[in-house]
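According to TrEMBL:
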type     : residues       : note
ACT_SITE : B:E420         : active site, proton acceptor
BINDING  : B:T138, B:G177 : FAD binding site
DOMAIN   : B:28-132       : domain 'Acyl-coenzyme A oxidase N-terminal'
DOMAIN   : B:274-435      : domain 'Acyl-CoA oxidase C-alpha1'
DOMAIN   : B:468-649      : domain 'Acyl-CoA oxidase C-terminal'
2 protein chains.
Amino acid sequence: MSAKVVVSKRRNVNRQAIFLITLWPFPEDFFLSDPELKSKVPLEYLSHKEKYEEAVRKACLLFRKVIQLQNEGKGGMDNFREVLGGQLGSAILPDGNPITLHYVMFIPTLMGQGTIEQQAEWIQKAWNCDIIGTYAQTELGHGTFIRGLETVAKYDPKTEEFVLHSPTLTAYKWWPGGLGHSANYAVVVAQLYTQGKCHGIHPFVVQLRDEETHEPLPGIKIGEIGCKLGMNSTNNGYLGFDNVRIPRNYMLMKNSQVLPDGTYVKSPSSKLTYGTMIFVRVVLVQDAATYLKKASIIATRYSAIRHQSQIKPDQPEPQILDYVTQQYKLFPNIASCFAFQYAATWLWDTYNNITEELETGQLDNLPELHATACVLKAVSTADAAQGVEMLRLACGGHGYMTASNLPSTYGLVTAMCTYEGENTVLLLQTARFLVKMWQNKTNVYKLPTMKYLATALNRATPFEKSVEWVIAALQKTAAGKIDLANRHLNERVAKGQSYEDAWNNTSIELVSAAEVHGRTIIVEQFYNTVQGYKSRVSKELGTVLEQLLQLYAVNAALRCTGDFLRFTEVLGKDITVLQTWLEELLSQIRPNAVGLVDSFDMRDEILSSALGCYDGNVYERLFNEAQKSPLNAEPVNKSYNLYLKPFIKAQL
Amino acid sequence: MSAKVVVSKRRNVNRQAIFLITLWPFPEDFFLSDPELKSKVPLEYLSHKEKYEEAVRKACLLFRKVIQLQNEGKGGMDNFREVLGGQLGSAILPDGNPITLHYVMFIPTLMGQGTIEQQAEWIQKAWNCDIIGTYAQTELGHGTFIRGLETVAKYDPKTEEFVLHSPTLTAYKWWPGGLGHSANYAVVVAQLYTQGKCHGIHPFVVQLRDEETHEPLPGIKIGEIGCKLGMNSTNNGYLGFDNVRIPRNYMLMKNSQVLPDGTYVKSPSSKLTYGTMIFVRVVLVQDAATYLKKASIIATRYSAIRHQSQIKPDQPEPQILDYVTQQYKLFPNIASCFAFQYAATWLWDTYNNITEELETGQLDNLPELHATACVLKAVSTADAAQGVEMLRLACGGHGYMTASNLPSTYGLVTAMCTYEGENTVLLLQTARFLVKMWQNKTNVYKLPTMKYLATALNRATPFEKSVEWVIAALQKTAAGKIDLANRHLNERVAKGQSYEDAWNNTSIELVSAAEVHGRTIIVEQFYNTVQGYKSRVSKELGTVLEQLLQLYAVNAALRCTGDFLRFTEVLGKDITVLQTWLEELLSQIRPNAVGLVDSFDMRDEILSSALGCYDGNVYERLFNEAQKSPLNAEPVNKSYNLYLKPFIKAQL
């Protein structure tokens with residue numbers, strides 16, 4: 001992302017690695033050097049209210065600058081993408097941007113679901129920021145299961161209006177970013193009722209606040225939902241309706257319509273609205289890679305600076321990076337950064353190809369894409385969250401400090417396990433597709449990610465120390481697990497359980513099968529990517545990429561040795577070979593570890609970590625960060641005279 | 001803990017379970033009903049500085065009340081224990097108590113390491129709170145490896161004083177609770193130099209601040225370290241010395257002494273100072289159980305209230321507790337609560353027995369106790385932290401909210417993985433003892449926790465569906481892993497590596513071996529405890545305890561199937577039996593799930609969770625908590641007129 005190329009003697013890896021990872025240039029300095037975009041006091045010291053106010057200040061300034069760049073013809077949507085979804089935005093607004101959803105959800109929904117006339121009415125206003133919108137779908141009582149939403153939009157043909165209403169407390173919208181006090185409009189998802197019939201959920205544009213005074217409009221009950229594990233300046237809000245009336249043409253009608261007399265005209269294909277959901281999950285795989293990179297840089301650089309304990313008596317304390325247990329915490333996560341990055345790139349390309357097909361009416365590949373996006377989102381976000389936490393713990397006590405930026409990074413990455421489809425729910429969706437394909441294998445050959453299912457179970461996979469073997473063994477294991485889960489499902493049905501109960505009772509095995517399928521795809525794509533690079537990069541870089549691939553593969557294998565021993569021909573003694581292979585790779589990667597994380601090329605301002613800076617001045621930075629605490633501005637805090645002194649001086 | 005017995009129709013388990021878990025009564029109402037001990041605004045909305053000031057206010061009041069109770073003859077140390085280490089303290093001061101270390105570390109160290117004369121001088125003052133102390137050991141550069149501490153205490157025989165000095169920035173004390181702005185004294189651990197020689201680390205009493213004005217004394221550089229993932233009102237501080245002089249008799253000399261002329265007189269046994277360290281780890285196993293109970297109650301009750309999605313079409317949305325994948329997230333953690341509780345109780349008894357032996361000069365059992373405390377601390381805190389996080393994620397988006405109290409609970413429980421001995425370091429310490437015992441097996445028979453090592457490897461363990469089999473298989477696996485790691489260690493030495501390098505290169509396997517050993521002890525103690533209870537409880541309660549034991553055991557087995565397949569006679573088809581056994585247990589435990597967590601008997605005030613209250617009014621509470629946000633006190637935040645309106649109205 002930065003054009004700056006950083007070089008240092010302790011860095012050994014060919015800088016080509018940069019170019020394999022990030023491609024588009026971006027004027028980071030224009031933002032990061034602006035003193036107005038820095039906070040006088042680190043945000044963590046402010047009150048919740050002050051955090052929000054500071055975030056609004058910065059967000060307005062940030063978008064002014066993006067628009068300025070655009071007006072000057074310097075970059076277009078890419079700038080928005082980096083500021084909104086990239087790491088630059090999170091460096092400037094580390095605890096969330098209260099206007100993000102205006103760009104990420106409000107405008108795209110108007111574009112995707114509005115008619116041409118509606119787009120003409122709304123998009124210019126939204127694009128000029130004359131109105132600030134958000135996207136209100138999730139409710140207090142319902143998240144991933146959107147069919148269960150309770151907010152009602154009832155059509156009244158007499159006035160040609162919809163009446164929005166929250167029949168229960170659980171019908172209140174809950175979570176939308178910027179909804180609390182920032183947005184004055186929202187796209188609201190509600191159950192559409194017309195002519196006495198419910199037609200399921202549909203999107204409506206609703207004005208929430210007066211465009212001049214910002215006061216909530218009559219019937220709008222609105223506020224913020226309170227503090228959270230992270231994202232405390234995103235201004236997540238709640239929203240209740242007390243019979244709020246909106247004009248008929250405020251329903252977004254690109255897909256379905258309600259005519260003036262109340263007649264409902266159905267969408268030609270419900271699969272078309274699928275698109276955005278898949279798109280977001282595709283992006284999340286990339287985000288998982290980015291967060292894991294951030295934590296990997298911080299923990300690896302810190303491990304090169306921190307010296308502790310003794311390997312040998314009477315020798316100086318070694319870098320903790322030289323402890324093999326520490327390498328085991330760091331290096332597999334570095335390998336995962338590459339794995340998730342390549343999987344994200346591949347998924348993005350696949351998504352684009354299939355989206356192109358959709359436009360020509362070809363829908364055949366959509367279910368596989370959906371199943372793949374579900375499982376990759378679930379596996380990559382779960383692993384990235386666990387990885388970030390492992391890396392945080394690998395930094396010991398200092399990883400617990402806000403100044404390390406590891407706690408906030410964890411707060412952001414773990415949220416991804418829940419939003420945009422809870423991970424267990426997503427794994428079960430992939431499992432449903434896998435079982436369907438398994439039960440009717442004739443189609444499996446046509447599906448790139450699943451064709452292995454046709455042959456894997458009968459293929460001999462004698463052990464050898466190679467990535468190819470790991471892939472074959474993972475495929476056989478995934479197939480074996482799907483087969484076994486499917487048999488257990490059928491057995492339960494044969495014993496008289498309904499298919500639904502049998503499905504629920506088999507769900508632990510189904511989730512596990514889907515997970516192995518996901519890991520299989522990730523190792524395969526890593527393998528394919530490295531094969532593709534080999535002719536294009538130096539021999540040295542090729543070797544390092546191969547080591548990372550092997551490390552990812554052998555670690556994936558060692559995570560499921562129990563399954564391998566059940567479903568493949570592997571033997572106990574082979575596991576010992578895998579363990580030795582892993583240990584060899586850790587020692588091969590050791591000299592390049594710092595260079596590898598440098599190649600992720602995140603600027604110090606983006607890392608925002610006292611432990612992770614490029615210059616390695618860990619202790620000076622930790623100390624300087626502590627000096628910023630407002631408590632340290634005065635030698636004696638007022639609580640001494642107020643409470644502590646009376647306590648000390650009292651006769652107890 | 002509460003005397004109140006809660007009963008409800010939806011609760012099925014025999015209330016006897018309460019008495020198996022907590023034993024001592026405590027006047028919770030005296031504290032929890034005091035309006036002065038409540039905060040007007042939930043702490044999370046305050047600034048960092050305000051959080052500290054509010055914590056000092058409450059802490060002083062809390063201890064006044066404890067002392068009042070004591071003066072009235074109502075309970076003694078038990079009250080302190082509950083307020084300081086129990087859940088009551090964390091209900092009143094959820095983000096930490098800035099005076100805790102005065103009672104938990106300062107006074108005990110004076111008692112444990114001061115001479116009779118020193119105790120006479122200091123303890124009365126400390127006990128009356130005429131002085132407030134803390135314990136300053138960890139430095140910016142060194143934590144678990146205490147031999148590496150850099151703070152120097154150099155004896156000057158001319159003035160009969162010690163000169164305390166921080167030769168580097170990394171020598172600054174860093175982390176002690178209350179050190180920032182609360183304490184005016186500290187026990188400081190420093191490298192003792194006298195007559196030109198370093199004698200290693202020793203404890204010194206140092207005055208930090210003026211007893212009247214609270215101003216830092218000359219040469220004392222002091223402040224707080226800044227924000228952290230949790231415990232933001234514990235006032236963790238830093239402390240540097242610029243040649244600070246203290247009288248000779250401020251060195252705590254119970255064990256070692258420096259005579260007026262500077263002669264160093266060595267401690268008779270260094271093992272005696274071991275005691276406190278082991279004690280704290282023993283207590284942490286109990287704490288791990290307590291935090292996991294808290295999260296289990298919250299997540300289980302919420303799962304009984306939350307309805308979502310559909311198992312069967314056209315049927316109402318089920319409680320999410322009926323999804324088998326949800327049960328799989330909750331019930332093994334409930335079983336772990338019992339497992340850790342019983343392990344903690346057993347370890348506590350063992351600790352007390354061995355401490356009694358110590359007083360008669362019997363030191364033989366100390367190394368085994370040390371190894372056991374290390375591994376149980378590491379396994380229980382790691383599992384509890386992972387468990388709390390899994391339970392938080394099992395509550396979906398609402399688990400991300402501060403009002404659920406799950407984020408703070410995680411912040412507190414994960415810290416235990418690092419403090420009082422970093423978990424990987426502790427596992428390696430246990431591994432060191434295990435390998436020593438393995439290499440010289442003659443002594444193994446005498447060690448209750450390790451005698452299995454003498455025979456496990458040669459014992460046949462044909463598969464059967466029983467806890468006894470799981471224990472035998474775990475023992476054989478632990479022995480197999482220790483044996484294999486030991487062989488790899490020897491092979492590396494035979495190939496020319498130094499023992500230390502070979503140890504480092506084998507450390508992944510060593511850690512893994514120690515971990516299985518720890519799990520073996522936990523399952524064994526769970527088994528022994530349930531066997532002991534069987535004759536004392538009703539048949540129904542006995543059945544439930546047996547189910548929990550089985551669930552813990554089968555889950556422990558399924559977590560290491562790869563190891564079982566390597567080191568025991570288990571076959572792939574047996575794993576399928578284990579999986580079915582697990583599923584049967586989940587369905588058996590389902591009707592009692594809510595009753596089981598009720599039996600942990602934590603009051604709503606202790607849980608402090610909108611999701612976990614006894615009455616199940618989840619949504620009302622979430623909504624009411626949101627109303628407490630100061631942002632919701634006014635319909636339009638000032639940032640609208642300051643920033644948002646100018647942004648909206650600008651011609652962009």
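Using N, Cα and C of the backbone, Cβ positions are placed for all residues, glycine too.
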Message = Between the Cα atoms of B:T138 (FAD binding site) and B:E420 (active site, proton acceptor), what distance do you get, rounded to the nearest Å?
response = 10
Request  = Write out which of the listed recorded positions, namely B:T138, B:G177, B:E420, lie with a C-beta under 8 A from a C-beta of chain A, sequence order kept, or 'none'.
outcome  = B:T138
Task = Using a 10 Å cut-off, grab the number of neighbouring Cβ atoms around the Cβ of B:G177 (FAD binding site), all chains included.
result = 24
Query = In Å, rounded, how far does the Cα of B:G177 (FAD binding site) sit from the Cα of the residue listed as 'active site, proton acceptor'?
reply = 13
Ask   = Three-state secondary structure of B:G177 (FAD binding site) from DSSP?
value = coil
Message = Under 8 Å between C-beta atoms and at least six apart in sequence, can you list the same-chain neighbours of B:E420 (active site, proton acceptor), or say none if there are none?
response = B:M277, B:V280, B:R281, B:L284, B:K377
Message = When secondary structure is assigned with DSSP, how many helix, strand and coil residues does the domain 'Acyl-coenzyme A oxidase N-terminal' (B:28-132) contain?
response = 75 helix, 0 strand, 30 coil
